[in-house]
Amino acid sequence: MEPGHIICNADRMASNILSHITEEFLVCQICLEDYDRPKILPCLHTFCQGCLEKLPVAKSTDGPGKLSCPTCRQDAALPKDGVRALKDNFLVTKLSDVMKQTSDSAQEGMGEARCSTCEAGVHATSYCVDCPDYLCQNCATSHCRPKPTRSHRVVTLKDLKSGKVLVSARTGEPSKCSIHKEVHKFYCETCRQVICLHCVVTSHKEHKYVEVEEAAGKEIGAMEGLLGGVKRGAILQDMWLDELRGSGEKWASEVKKMTRDIERQADAIIVAVQKLKDQRLVQLRSLHEARQKQLASAINTADTSLTQAKNTIQFVGHLLVNGNPVELMTVAEGVKEELMKRSDNSVRTNLSSTKSFKELTYNPASLNIQEEISKLMGDLKQKDVEVAIPPVAGLQIKANASLSHCKEVKLYKAVGKAGKAEGEFDSPLCIAITGGQDIVATDYRNKCLQVVDKEGGFKRKIDLGFQPECVTALDNGELLVTGDGPKVHVMNSEGSGKRVIHVKNVAEKDTVGGGIAVDGLGRIVVTVGWQVLVLLPNGTSVCEFGDRDFGYILRVATDSRNHVIVSDMRNNNVKVFDPEYGIVFKFGKHGSGDGQLDHPMGLYVDEDDNIIVCDSHNHRVSQFDRDGLFVRHLLTREDGLHYPWGLSLMQDGKMVVCDMNSKNGRMKLFSLK
């Protein structure tokens, strides 16, 4: 796929990371010069030590005072020794050096670089940051397949030259102890600081300490978990801003309508009630102006919170990618505190600021004009209303199960013969498992969802009025269903609480939605024709990608890294896209051999990111690893499969497969051992 086929509203600003880092990270926002002794505040904003020392210090009862952050206005308590005792931002210092190093290395020999690993002398197109080696196109493709080099970072020479990537952010002179001049190798959990070997046997010998890499590994896991909450909070803030702005537009429309109503009433009795008309209009505009100010304040507050969350995400993202363990542990406490402060849970508690919003209505009177002039003009009323808080972003329910250690798959039960009665199926296409471990299947030709318990016993049928393609279950109790044009139907497992998300930016308006999944940030991924579209939980479009070379029947899944996995039935392959929706790799081609596919349909990604594919016309279910390498055929025709179209795993260790044309049960439950 060419980059031009990807349209990402959220990522347009990331066209040149190098210049972005220069502006955002290497320039002090007080003096607007390169950082001199950068110090980091608890809110994660960084300034020159000298600039901070010039700021006024507010008095504090429990310390030497506090500063107000020039960027976000949060109060920052100063340490005992003042500004100079604030933690250094090692990452900014290192990035300053890396920027020049990267720029210099990127310009050296770009036109003459040749592949370092093959003997053909082919011009290099990529560069492995970890080796480091120049690679041709073929070597770059195969470089990340073997286990020893699977985690290596391979970048294009174009990106290296343009500055879109930094090649040495984790390299360079190791951090050393300021006292003993030895390399920092340990982290003292008692003192919460990085130390050298000499420190271990002297001032810290009775303390609890671990290797700095081990400590950093724990902190990285904690930060990544907290960062997910902040990212979800940022999405929630984004939706909240949409709601607030929508309220402003709605109010403006309401005011226009009420103004017209007032003027129509006034025109009928223009002579007698001219003065009264003017009074009412003044009253209306006054009330509207007051609440507009209130709305503007709410929008400003929400926008500030979102900006702070984005700044936090950006800082921590650079810290996790570019910071070494010492740098990470130096700021870990403050970073985690800020992450918890910006999490989605804390965000929701701040979204009640609109409870005092007023709704304006105008109620014209319909009485005798001569007798009831005052009543005829009507009056303006206001009442307390709340702007609807955006829905909680539900996450897709996935079983805590992996096929990595599964040695045997056996048929446990086959249920649901062909037919139209309750518990009978006519073309089941997709399976989802609810939080209560009920099995939900899309029954295409019967135009319904069928819900059975974990043993396959019929529970209920949900009539839809359209032919459902796919369904996914969320941990907030919602089901997302496709098949009704470019729409996503949202309901609970009882079929009530229905609402519809209209998918925008669809190229083929008459094409129905197909595959659907939800990633770890609560974003909905849905396919419509050859397109893959990404939405916020409220339906706001985030991104759309794909091209007309894709087939029109696509299924989709996401993994723990928020990669998007797409099965393409027409092209007989599976494509894997990164969280920015650029293609990482694809696997499979038409055939019946190992690793080959014939009309691949439903997908499932297990706990270890193994990719499970319904290879429908080969009458089997196949397992691939996270890198697309063939592992094995889990199920074949010998296991009773005919045309598997969808599957899912259950918490109790079962695999559920819907089989399109099976005579011995359209839904099959398999036990995993």
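Every residue, even glycine, has its Cβ placed from backbone N, Cα and C.
Under the heading domain 'RING-type', TrEMBL lists 28-73.
If you look up TrEMBL, you'll see 110-157 (among others) marked as domain 'B box-type'.
In this model, the domain 'B box-type' (172-212) carries an average pLDDT of 86. Annotation source TrEMBL lists domain 'B box-type' at 172-212 (among others).
What TrEMBL lists as repeat 'NHL' is 539-580 (among others).
Look at TrEMBL and you will find 584-627 (among others) tagged as repeat 'NHL'. Residue counts of the repeat 'NHL' (584-627) by helix, strand and coil are 3 helix, 22 strand, 19 coil (DSSP-based).
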(message) What residues elsewhere in the chain lie close to the repeat 'NHL' (539-580), defined as a C-beta under 8 angstroms and at least 6 residues from its ends?
(response) 1-2, 5-11, 14, 238-239, 242, 396, 470, 488, 501-505, 508, 511, 514-521, 523, 525-527, 529-533, 586-591, 596-605, 607, 609, 611, 613-614, 616, 624, 626, 628, 646
(message) Summarise the domain 'B box-type' (172-212) as counts of helix, strand and coil residues per DSSP.
(response) 6 helix, 14 strand, 21 coil
